[in-house]
Amino acid sequence: MEKSWFNFMFSKGELEYRGELSKAMDSFAPGEKTTISQDRFIYDMDKNFYGWDERSSYSSSYSNNVDLLVSSKDIRNFISDDTFFVRDSNKNSYSIFFDKKKKIFEIDNDFSDLEKFFYSYCSSSYLNNRSKGDNDLHYDPYIKDTKYNCTNHINSCIDSYFRSYICIDNNFLIDSNNFNESYIYNFICSESGKIRESKNYKIRTNRNRSNLISSKDFDITQNYNQLWIQCDNCYGLMYKKVKMNVCEQCGHYLKMSSSERIELLIDPGTWNPMDEDMVSADPIKFHSKEEPYKNRIDSAQKTTGLTDAVQTGTGQLNGIPVALGVMDFRFMGGSMGSVVGEKITRLIEYATNQCLPLILVCSSGGARMQEGSLSLMQMAKISSVLCDYQSSKKLFYISILTSPTTGGVTASFGMLGDIIIAEPYAYIAFAGKRVIEQTLKKAVPEGSQAAESLLRKGLLDAIVPRNLLKGVLSELFQLHAFFPLNTN
């Protein structure tokens, strides 16, 4: 394992870099040459720091210190499964271990086995050649094994490392001694108050092997989870209302609940829901060893606040009366059962009788297996009433496909729209990639089930970003002679 030694001085906005030793610890000797060239770092007597070919004046803020030291383009030059020996502004020392493959971040305060080496190294000619005057606050030839509470310093190290490793915007880093205010802390921690297991980041200290999360920290995060949402691609934070669940850092489209989509499309105060009290009665008495179907329904209802996986109703879109159905993937994967099929069927029949344009927003994993053939019947039932709506009444139906739209929904009303619109990067398929590969024993080309690929093959009419969707729908309706109500 490679050993490296740094001296970080964060007090009064000053930072000092003393070099990296690339050989094993047992091969260290006083006065060995460091592997970092002097051209890359300049340290003058006025405590001005320059580096990475940027010869501009160095700011005194903590965040700029970190930006200059661990920029995203240079982080891999000195972080590669290394142990860093760090001394803070209080002249207390500890080691920081990074393992990129196993995603481990480890801190050790025990220096009993290293004390002899550090004493020898700090007394070497390399350090003695530097100024030892009274004004040189950085000089300390002795490194002691102290019980220093390094929580705040751990926070800054986590901030600087992970922000550089995943290229987080500098503006999010807050110069604060409060661990709860750390941006990195908020996005590493999930809403359940545990370390995100999707990336398997393990943040611990050797002293207690416990994570750095308390119930108080979790409460602070929970207070604002209705305002901010975390990107599941780059783990950045964004403001819900402004960004429409689209990550401003990587452009990733996050899932939206049915209520959020209704709020996005329907004018405020005009939404009138339909059939809200319709619930599944477990028609085939589906038996499961893991969890009974009724229990799964109850759990999904408590989690989402919905009775089933679709919301239907009427409202106005830029003043134009419309019938709208929105599926919610949070409710058992948006699966289509008897309740979903019946609610959509009733919505289409109402739109037919009232001569309303129809919008169905699809987000589903397909037919609900817990209801057997009854769920498959919904495909034919919805398609039948759509045929009357489109062919007999000559009314206008727009299908909006979001990620994911698969299975029975794709094979029925999802692809029956007069205009079929998809969101960018939406996953749209009949059978999933894994099912196809296991059945046909062939690899599915990457991106072949994405909206962009389907558009090129003529299966979609348009791909419309969320921020433009309402305006595009309004223009399409007016093109087909559906105009806003006269408000005079």
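Residue positions begin at 1 at the first shown residue.
Cβ from N, Cα, C; glycine included.
These figures come from a predicted structure and were not determined experimentally.
Look at C247 (Zn(2+) binding site): DSSP puts it in coil. Residues or ranges marked as Zn(2+) binding site in Swiss-Prot (evidence: sequence analysis): C231, C234, C247, C250.
Per Swiss-Prot, the feature domain 'CoA carboxyltransferase N-terminal' maps to 227-488; the stated evidence is sequence analysis.
The zinc finger feature in Swiss-Prot is assigned to 231-250; the stated evidence is sequence analysis.
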For the binding-site residues C247, C250, work out the Cβ neighbour count at 10 Å and name the residue with the minimum.
C250
Check the binding-site residues C231, C234 for other C-beta atoms within 10 angstroms of each C-beta and report the one with the most.
C231
Can you list the residues of the same chain, besides C231, C234, C247, C250, whose Cβ falls within 8 Å of the Zn(2+) site's Cβ centroid?
D232, N233, Y235, G236, M238, E248, Q249, G251, H252
